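J.: A single structure is presented below for examination.
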Amino acid sequence: MTAAAFGALADTPSSGRRRAWMRSEEARGLALISPTFLYALALLFLPVLIVIAYSFWTQDYLDIDRTFTLENYRQALTEPIYRDLFIRSLWISLTVSIVTVVFSYPIAWFISFHGGVHKNLWLFLVTVPCWTSYLLRVMSWKVILGYGGVMNTGLISMGLIDKPLTSLLYNSNAVVITLVHSWAAFAILPIYVSLQKIDRTLIEAARDLGDSRFKAFLRITLPLSLPGIISAFLIVMIPTVGDYVTPRLVGGKDGVMIATAIQAQFGKGANWPLGAALSVTTMVLVSLTAAAVVLALKFTVRRIR
Amino acid sequence: MSLLTQRLRVLPFLPAYVALYFLFLYLPILLLPVFSLNDAATTTFPLAGFTTKWYASLAGNSVMLQAAWNSLVVGVAVSLLSTVLGICAARAITRYRFRGQRAAAGLIMAPLFLPEIIVAVSLLMIVLAMGVELSLITVILGQTVFCVPYAMSVLVSGFEGFDRSLEEASYDLGETAIGTFRRVTLPVVAPAIVSSLLVTFTISLDEFILAFFLSGTEPTLPVYIWGQLRFAAKLPGVLALGTVMLVASILMLTLTEILRRRAERRTQMAFTLP
């Protein structure tokens with residue numbers, strides 16, 4: 001885009017106009033953003049294009065055959081093992097994002113409406129856990145949910161169970177709990193920002209005109225905070241679908257997700273084109289699911305209103 | 001006080017819910033120091049006794065120290081590079097209006113909305129396809145892509161409060177562009193820049209997936225920890241290391257927060273002054 005703009009510039013006949021453009025807002029803005037933009041273009045956009053290209057090629061040992069084929073996608077979509085992994089990954093990321101948003105909303109609401117002068121302190125406390133080592137946080141959940149872990153010893157000492165539960169760790173529930181914990185702050189912050197933007201006099205007006213607290217919340221606060229809910233939802237759902245560490249550490253056999261399969265294609269004895277096709281399919285599926293949920297959310301909120 | 005009791009009457013569950021939520025958030029983090037000081041190789045209750053031997057074992061672990069050094073080098077490079085790139089983009093977006101602004105910003109912010117493994121895989125493919133050897137440099141280049149969005153969001157909010165008339169005044173009084181930047185712009189935006197450096201350093205220090213794919217034979221600290229997690233007997237040592245990293249992250253974050261608040265107070269004062 002930058003290149004196109006400069007290309008257009010070369011065509012302008014008069015050098016006076018050219019100099020004027022060079023001094024204009026637009027030229028300066030473009031010039032200033034171009035280092036960052038080109039960096040992202042070279043190390044994000046281009047690599048993603050290469051992944052897409054690879055997904056239509058095939059690999060024979062070390063040689064890449066560049067004839068167009070849909071074979072990788074056929075494998076990715078029809079082989080039962082990949083199909084199960086896709087379904088489970090989408091299901092887990094959908095559950096995680098919904099649970100995270102639902103449980104975080106009251107916290108964001110509390111900070112925004114009842115945080116008083118200490119709003120920033122509350123936000124700081126919310127974000128601290130999310131900056132500590134990701135690997136060790138996941139590991140810590142393994143310690144909590146494990147056979148002799150905190151949860152089991154706690155429940156036994158309270159007399160609720162006789163012997164340790166084995167159903168806590170190494171399944172998809174453990175993955176969901178751990179991911180909800182990891183992404184909590186990412187959901188609270190966007191919701192908080194959209195709650196802060198709400199004009200409080202609107203809520204007062206609704207109350208004065210006879211709405212109950214709950215009704216005023218449903219008709220004013222909730223619809224106006226929808227943009228925050230949607231970005232919280234997207235920022236949690238899309239990255240969690242490709243999480244690698246959590247399923248590996250706490251997922252066991254029943255919690256394996258698609259990232260493990262993608263990683264396997266890039267290890268030894270690899271199949272890059274298949275790995276690329278799995279990556280692209282993941283992106284497409286998660287985008288479609290997210291779009292469907294966002295539409296459903298918008299529709300529901302409009303109905304409530 | 002009456003206001004608080006009134007609130008409590010309306011929403012009796014809320015304080016309890018907030019307390020439970022914070023317990024959920026902090027429980028896993030508080031367990032790390034507990035088990036790192038426990039005199040047993042297993043991480044189960046009841047605790048066996050107090051010891052600092054796991055911390056002592058860290059000091060003599062040369063592989064770990066090398067990994068820590070690698071992480072430090074990568075972290076410093078990534079925070080400098082992504083903050084410089086972030087400054088360019090944030091300044092362009094807050095100061096100028098131009099065509100393609102939204103598209104450019106969208107591409108730069110995209111890593112926030114992509115599964116990290118896909119960013120990692122695509123970078124690995126381009127690096128290997130170009131015949132570049134995996135090293136700390138590839139980790140730095142990769143993590144910078146991932147850190148720029150964070151740097152940019154910190155910097156954009158720092159630059160947004162900046163009053164352009166100050167710069168114009170400086171130009172009118174005969175200062176050059178560079179002089180204006182150094183003497184007018186920089187002092188106002190400096191806290192945001194420092195925050196950005198600290199935040200991106202913290203992210204880089206903790207980042208695992210990109211480092212895992214791109215580090216080759218030189219592990220960073222998270223990649224080293226990942227290797228250790230396979231051995232149950234090494235867990236307490238890893239927890240001790242984790243506690244050290246935890247304390248370091250919290251110190252850095254507190255510093256960032258203090259700087260941010262100071263900057264906020266300064267801008268508020270600038271606005272209230274006649």
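Note: Cβ is positioned from N, Cα and C throughout, glycine not excepted.
Just so you know, TrEMBL annotations never went through curation; they're auto-generated.
Not measured: the values here are computed from a predicted model.
When I checked TrEMBL for this same protein, it listed these features:
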TRANSMEM  B:12-35  transmembrane segment
DOMAIN    B:68-256  domain 'ABC transmembrane type-1'
TRANSMEM  B:72-93  transmembrane segment
TRANSMEM  B:105-128  transmembrane segment
TRANSMEM  B:134-156  transmembrane segment
TRANSMEM  B:188-215  transmembrane segment
TRANSMEM  B:235-259  transmembrane segment
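Relative to the rest of the structure, where do these features sit?
T.: With a cut-off of 8 Å between Cβ atoms, the residues of this chain six or more beyond the transmembrane segment (B:72-93) that come close are 101, 104-105, 108, 136, 139-140, 143-144, 147-148, 150-152, 154-156, 158-159, 193, 196-198, 200-201, 204-205, 211, 220.
For the transmembrane segment (B:105-128), the residues of the chain that approach it from at least six positions outside its boundaries are 89, 93, 134, 138, 141-142, 145-146, 148-150, 152-153, 209-210, 212-214, judged by C-beta separation under 8 angstroms.
Among residues of the same chain six or more beyond the transmembrane segment (B:188-215), those with a C-beta under 8 A of the stretch's C-beta atoms are 70-71, 74-76, 78-80, 82-83, 86-87, 116-117, 119-121, 123-124, 127, 134-136, 138-139, 142-143, 146-147, 150-151, 154-155, 157-159, 162, 166, 221-223, 226, 245, 248-249, 252-253, 255-256, 259-260, 262-263, 266-267.
Within the chain carrying the transmembrane segment (B:235-259), a Cβ under 8 angstroms from the stretch's Cβ atoms is held by residues 29, 32-33, 35-36, 38, 40-41, 43, 54-55, 57-58, 61, 64, 191, 194-195, 198-199, 201-202, 205-206, 221, 225, 228-229, all 6 or more beyond its ends.
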